[in-house]
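K.L.:
Take a look at the following structure, please.
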Amino acid sequence: MQGAASHDAAAAAAAAAVLGGGHGVPRWPRMVFLVGAMTCLAISATAHLLACHSRRASVVFWQLDYAGISAMIVASFVPPVYYAFLCHRPARVAYLSAISALGALVVGALLSPPCSSPRFRRLRAALFLAMGLSGVVPALHALWLNWGHAACYLALSLEVAMGLAYAAGAWFYVSRVPEKWRPGVFDVVGHSHQIFHVLVLVGAVTHYVAVDVLLNWRETVAAACSATS
């Protein structure tokens, strides 16, 4: 009995430390994702508008576009990792540090002129997919730590749906379907790049819903570490 009481007291203290004295579950991780996603989409819109200005502008704006995509992927990791590992600081710090380092490496690689050329579109898609798939490790770890919580199962299902949307978008981006089947027919509406962007938006919205599920779950259990220990 005494051991259980000590464990609960330690759990409560850990939760209070994470919450900064019990002022509610932090919202800033969700804001990180929102800012990252909106920044990425704003850069992408600017690149599509101005990249045709000159050859130099094309190179610069598409490099910024690739950096924005990498930043959005990194930002997407922040809320689910933060909320899933709210009471497991070492794991939280390790996973967020790892994806940040991976994002920096990918940006560094894609800012090199050869990798930003059109002929390396498959490599770029592969790098972005690799960044996303690296989330499988923290997802499985979080599932193990929070086994038995229906909200975690729902959030994971939504994240899988998000991954499928992004993967499908990457496939359209690389394959250039359907315009390669009917050249000229989809020049204005319905070409692969438009489908790619629609699927990115679908994935981002799905991810936001998953984050909201995790945040509400943390609120309902008062972010108590004992609820996930």
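Just so it is clear, glycine is given a Cβ too, placed from its N, Cα and C backbone atoms.
For reference, Swiss-Prot lists these features for the protein:
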- 1-4: topological domain 'Cytoplasmic' (TOPO_DOM)
- 5-25: transmembrane segment (TRANSMEM)
- 26-30: topological domain 'Extracellular' (TOPO_DOM)
- 31-51: transmembrane segment (TRANSMEM)
- 52-66: topological domain 'Cytoplasmic' (TOPO_DOM)
- 67-87: transmembrane segment (TRANSMEM)
- 88-92: topological domain 'Extracellular' (TOPO_DOM)
- 93-113: transmembrane segment (TRANSMEM)
- 114-124: topological domain 'Cytoplasmic' (TOPO_DOM)
- 125-145: transmembrane segment (TRANSMEM)
- 146-153: topological domain 'Extracellular' (TOPO_DOM)
- 154-174: transmembrane segment (TRANSMEM)
- 175-194: topological domain 'Cytoplasmic' (TOPO_DOM)
- 195-215: transmembrane segment (TRANSMEM)
- 216-229: topological domain 'Extracellular' (TOPO_DOM)
K.L.:
Tell me, please, if the transmembrane segment (195-215) and the transmembrane segment (125-145) are in contact, taking contact as 3+ Cβ pairs under 8 Å between residues separated by 6 or more positions?
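P.N.:
No, these stretches are not in contact.
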K.L.:
Could you pull the average pLDDT for the topological domain 'Cytoplasmic' (52-66)?
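P.N.:
When the pLDDT values over the topological domain 'Cytoplasmic' (52-66) are averaged, the result is 93.
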K.L.:
Could you give me three numbers for the topological domain 'Cytoplasmic' (175-194), the DSSP helix, strand and coil residue counts?
P.N.:
4 helix, 0 strand, 16 coil
K.L.:
Considering only the recorded stretches 31-51, 67-87, 154-174, state which has the highest number of Cβ pairs under 8 Å to the transmembrane segment (125-145).
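P.N.:
Out of the listed stretches, 67-87 contacts the transmembrane segment (125-145) most.
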K.L.:
As a test: from 31-51, 93-113, 154-174, pick the stretch that has the greatest number of Cβ pairs under 8 Å with the transmembrane segment (67-87).
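P.N.:
Against the transmembrane segment (67-87), the leading stretch is 31-51.
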K.L.:
Sort the residues of the topological domain 'Cytoplasmic' (114-124) into helix, strand and coil with DSSP and give the three counts.
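P.N.:
Its residues fall into 7 helix, 0 strand, 4 coil.
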K.L.:
Using a Cβ cut-off of under 8 Å, list the residues of the same chain at least 6 residues beyond the topological domain 'Extracellular' (26-30) that approach it.
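P.N.:
For the topological domain 'Extracellular' (26-30), the nonlocal Cβ contacts are 19-20, 78-79, 82-83, 208, 211-212, 215.
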